[in-house]
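Asks: From TrEMBL, here are the annotated features:
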DOMAIN    6-141  domain 'Alanine dehydrogenase/pyridine nucleotide transhydrogenase N-terminal'
ACT_SITE  Lys76  active site, proton acceptor
ACT_SITE  His95  active site, proton donor
BINDING   Arg129, Gly202, Arg203, Asp226, Thr230, Tyr250, Val277, Ile317, Asp318, His319, Leu320  NAD(+) binding site
DISULFID  Cys204-Cys248  disulfide bond
Amino acid sequence: MPITLHLRAETKPMEARAALTPTTVQQLISKGFKIYVEESPQSTFNINEYKKAGAIIVPKGDWISAPRDRIIIGLKEMPEEDKFPLVHEHIQFAHCYKNQDGWKDVLKRFINGNGTLYDLEFLENDEGRRVAAFGFYAGFAGAALGLKDWSFKQTHSDSEDLPGVTPFPNEQSLIKDIKKDYQAALKTGAKKPTVLIIGALGRCGSGAIDFLHKAGVPDGNIIRWDMKETAKGGPFQEIANADIFINCIYLSKPIPPFINYKLLNNRNRRLRTVVDVSADTTNPHNPIPIYSIATVFNKPTVRVNTTAGPKLSVISIDHLPSLLPREASEFFARDLLPSLEQLPERQTAPVWVKAEKLFERNCARSYRSSKL
């Protein structure tokens with residue numbers, strides 16, 4: 001019996017990416033998979049592209065009543081207001097293994113429905129590396145919005161905040177848009193910004209550096225930090241001394257904060273824009289404890305309440321790759337494809353076995369903590 005995958009429509013506002021692209025749908029069908037794709041008004045891919053690839057098209061939300069043997073695949077979490085039990089096997093980013101707000105409620109839906117979660121964030125190969133990640137484009141888009149916000153501050157009054165943005169059709173159009181803002185900022189006499197990146201050696205950091213190069217920021221203005229530079233523990237004065245700070249770390253354990261109000265409340269501070277690509281907003285160990293909300297594309301920044309120094313804003317959008325949804329989706333789906341092809345053997349294939357065991361451990365942890 002063939003494996004049946006069901007691509008659900010994303011419901012997170014302005015989430016235009018897809019876990020399966022028409023290209024990967026066609027490749028999976030050629031391997032014997034059966035694919036259902038939901039109509040989605042916000043997807044970067046036209047439904048006819050999936051139809052031409054051989055998928056069966058169904059209405060948005062059809063997965064809820066789908067037969068239990070279908071594996072439901074999506075990207076972002078489902079609406080918080082939904083509480084019904086989850087009876088299927090699900091492949092998605094669930095954001096519930098690192099004590100995020102509401103993590104037990106998310107897992108409770110799977111427990112109540114006897115469903116299974118294969119969390120995309122924790123699909124790993126035999127070497128312990130993630131099989132697919134959006135990190136590169138998260139860093140790329142984060143650096144773009146960071147430079148856009150810094151540039152905006154050079155040409156507008158402090159009473160104005162960076163306007164909303166919408167997804168770009170391709171990388172070139174994004175670079176062109178930010179370059180225009182950046183050049184306008186430099187024409188005011190502003191010095192080229194210094195950008196400090198923590199997590200510079202990873203996928204996310206490399207994406208940020210790639211964008212900054214393409215936008216015209218000199219390499220000498222990009223300060224690359226990674227585990228070696230942060231080993232002594234924060235907070236770090238160097239962050240306050242930079243114009244833009246981009247956080248690209250993967251938070252896996254409690255660490256001292258990178259920045260605090262003592263460093264920020266200083267009239268000599270240069271820092272104007274913080275881009276928290278990691279966006280561990282609800283994580284109790286967030287190393288950037290100067291904001292408390294996840295921002296969105298139509299309101300990208302939140303102002304930090306400082307008592308001295310220039311206006312400071314944080315960008316904490318938790319789905320930054322959606323700024324380039326088509327390229328990011330193709331990049332991610334291509335890396336995910338070999339693991340999806342192993343779904344017929346998911347009872348023995350290490351990538352899926354490990355993901356299921358991790359799900360079971362977290363369900364047990366949720367149960368124990370609920371009993372305390």
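The backbone N, Cα and C atoms fix where each Cβ goes, glycine too.
TrEMBL does not curate its annotations; it predicts them automatically.
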Asks: Across the record's NAD(+)-binding residues Arg129, Gly202, Arg203, Asp226, Thr230, Tyr250, Val277, Ile317, Asp318, His319, Leu320, the largest CA-CA distance in angstrom?
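Replies: Among the residues the record ties to NAD(+), max Cα distance equals 25 Å.
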Asks: Among the recorded positions Lys76, His95, Cys248, which ones place their C-alpha within 10 angstroms of the C-alpha of Val277 (NAD(+) binding site)?
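Replies: Qualifying among Lys76, His95, Cys248: Cys248.
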Asks: If you measure from the C-alpha of the residue listed as 'active site, proton donor', which of the recorded positions Lys76, Arg129, Arg203, Cys204, Thr230, Asp318 fall inside 10 Å?
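Replies: So the list reads Lys76.
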Asks: Just how many other Cβ atoms lie inside 10 Å of the Cβ on Leu320 (NAD(+) binding site)?
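Replies: There are 28 such Cβ atoms around Leu320 (NAD(+) binding site).
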Asks: Rounded to the nearest angstrom, how far is the Cα of Lys76 (active site, proton acceptor) from the Cα of Leu320 (NAD(+) binding site)?
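Replies: Taking the Cα atoms only, Leu320 (NAD(+) binding site) lies 12 Å from Lys76 (active site, proton acceptor).
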Asks: Specify the count of other C-beta atoms within 10 Å of the C-beta of Arg203 (NAD(+) binding site).
Replies: 19
Asks: Looking only at Cβ atoms, how many others are within 10 Å of the one on Thr230 (NAD(+) binding site)?
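Replies: A count of 17.
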Asks: On average, what pLDDT score does this prediction assign to the domain 'Alanine dehydrogenase/pyridine nucleotide transhydrogenase N-terminal' (6-141)?
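Replies: Average per-residue pLDDT within the domain 'Alanine dehydrogenase/pyridine nucleotide transhydrogenase N-terminal' (6-141): 96.
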Asks: Restricting the comparison to the recorded positions Lys76, Cys204, Cys248, which residue's C-alpha is spatially nearest the C-alpha of Arg129 (NAD(+) binding site)?
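Replies: Minimum Cα distance from Arg129 (NAD(+) binding site) across Lys76, Cys204, Cys248 lands on Cys204.
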Asks: Work through the recorded positions one by one (Lys76, His95, Arg129) and point out the residue whose CB has the fewest other CB atoms within 10 angstroms.
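Replies: Relative to the other recorded positions in Lys76, His95, Arg129, Arg129 has the fewest Cβ atoms within 10 Å.
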Asks: I need the CA-to-CA distance for Asp318 (NAD(+) binding site) versus Cys204 (disulfide bond), whole Å please.
Replies: 13
Asks: Can you figure out which of Lys76, Arg203, Thr230 (the recorded positions) comes closest in space to Cys248 (disulfide bond), comparing Cα atoms?
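Replies: When the Cα distances are compared, Arg203 comes out closest.
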Asks: May I ask for the distance between Thr230 (NAD(+) binding site) and Cys204 (disulfide bond), taken between their Cα atoms and rounded to an integer number of Å?
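Replies: That separation, Cα to Cα, works out to 17 Å.
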Asks: Specify the count of other C-beta atoms within 10 Å of the C-beta of Asp318 (NAD(+) binding site).
Replies: 21
